[in-house]
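Chemist: Following this message is one structure expressed as structure tokens.
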């Protein structure tokens, strides 16, 4: 499970610039104006072999209360602090230690978490001397950086990695419970769905503390089958408490998805698939999880004999990047069709972990090629020598070919469709990789690997030539 690192501080100290520098991106809007970053942004980065999720937050203004935008942003940042494993506290050397800095430092000190003070805009010796003033915050270590110019960011990431806790999640045990995450935007009925599942089954073994801080995992049994509903803390609460948790729960959703085998993506039948639904579904897709789109509040829809088919078409169109996902219609309020969810979850989990023997796989490939030979490209034709399945969860297949550049996306889709038609892969993504073996100099076997991604994009990895053994 990837650790979460929150970048926090008062407004206009360079948090978003630092976020962009550390993630080598332009995710955050950067303007010289306090309060520009109102919503938390997320991006993964890797340093010294560790992958971590960086969170960019809006400026903390503890003197703001009520329903103002500033108060909303501060509450958001405070939630990020509570959920983070390590905190980067950004201050501005040109302003010196301010009263708001001291207030934020006091807030962070109470969290009892690793805090790294990033003294920003330190670009010369004079400012290095001025940065010493920030020892008054009572937090360490202090790292001098210039987010704009990239100075000191390597030292900052070194300090972050050194402070990271071990969040390794044990692999699901064979015969153990299926891990299920329930995600979706606010007010689509996630909490009602969880309660409906629990009420339907009526057999709750226990509330199991999860690895995520303050998370509650609920173990549900149905006959011999076990399901672990991940991180239901806050999801089952009511009224104002539920509203607050729902509104600021994206970080929890990210972690729940990482821990899950199957993800339930809950959407509101009245709204259809929104852009926010697409983004949330993308979290599960990018993590290679088995997915079920749960269309909730179906009882509120006026229906005819085509209503469900039309909604299914809309879901398929709006979530075209995950056309493998199962779709299920429910009413959490009336519990209609909720009883069918656990069997679907069990099926999706089994498909996600499905392995095909090398012999069966190559028989299928030979039949597929005989039925529909690869097209030629400028007189050259793709040849598939053999295939193997190196991993599951999600299933991944490697095809050894004469030249991976000859693999057209349409033929990759054809092979994927043949796999899906022959074997049960409903609900799970499958990855196809194409590996080239080229003619090489004596004693070498260079290998070029090309992965065909959704949408026809390709990613090529050139591996160093491997020496043949001469002994």
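Using N, Cα and C of the backbone, Cβ positions are placed for all residues, glycine too.
Feature list, courtesy of Swiss-Prot:
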BINDING   9-16, 56-60, 120-123  GTP 1 binding site
BINDING   184-191, 231-235, 296-299  GTP 2 binding site
DOMAIN    3-168  domain 'EngA-type G 1'
DOMAIN    178-353  domain 'EngA-type G 2'
DOMAIN    354-438  domain 'KH-like'
Chemist: Quick one: which of these binding-site residues, 184, 187, 190, 298, have their CA within 10 A of residue 15 (GTP 1 binding site)?
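Modeler: Those close enough: none at all.
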Chemist: How big is the gap, in Å, between the Cα of residue 60 (GTP 1 binding site) and that of residue 298 (GTP 2 binding site), rounded to a whole number?
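Modeler: Counting only the Cα atoms, the answer is 40 Å.
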Chemist: Which one is it, among the binding-site residues 184, 187, 190, 298, that lies nearest to residue 122 (GTP 1 binding site) by Cα separation?
Modeler: 184
Chemist: If I take the alpha carbons of residue 184 (GTP 2 binding site) and residue 12 (GTP 1 binding site), what is the distance between them in whole Å?
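Modeler: The Cα atom of residue 184 (GTP 2 binding site) is 32 Å away from the Cα atom of residue 12 (GTP 1 binding site).
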Chemist: Any idea which of the binding-site residues 9, 184 has the thinnest Cβ neighbourhood at 10 Å?
Modeler: 184
Chemist: Cα distance, residue 190 (GTP 2 binding site) to residue 57 (GTP 1 binding site), nearest Å?
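Modeler: For residue 57 (GTP 1 binding site) versus residue 190 (GTP 2 binding site), the Cα atoms are 25 Å apart.
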Chemist: Could you tally the C-beta atoms, other than its own, that fall within 10 angstroms of the C-beta of residue 187 (GTP 2 binding site)?
Modeler: 14
Chemist: Out of 187, 190, 298, which of these binding-site residues is nearest residue 9 (GTP 1 binding site) by C-alpha distance?
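Modeler: Nearest listed residue in space: 187.
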Chemist: Using a 10 Å cut-off on Cβ-Cβ distances across all protein chains shown, tell me which of the binding-site residues (15, 190) has the largest neighbour count.
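Modeler: Per the Cβ count within 10 Å, the most buried is 15.
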Chemist: For residue 187 (GTP 2 binding site) and residue 12 (GTP 1 binding site), determine the Cα separation and express it in whole Å.
Modeler: 33
Chemist: Taking DSSP as the reference, which of helix, strand or coil describes residue 9 (GTP 1 binding site)?
Modeler: coil
Chemist: Between 60, 122, which of the binding-site residues has its C-beta surrounded by the fewest other C-beta atoms within 10 Å?
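Modeler: Selected from the binding-site residues 60, 122 on minimum Cβ neighbours within 10 Å: 122.
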Chemist: Within the domain 'KH-like' (354-438), how many residues are helix, strand or coil going by DSSP?
Modeler: 31 helix, 25 strand, 29 coil
Chemist: I'm checking region-level scores; what's the whole-number mean pLDDT for the domain 'KH-like' (354-438)?
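Modeler: That stretch averages a pLDDT of 92.
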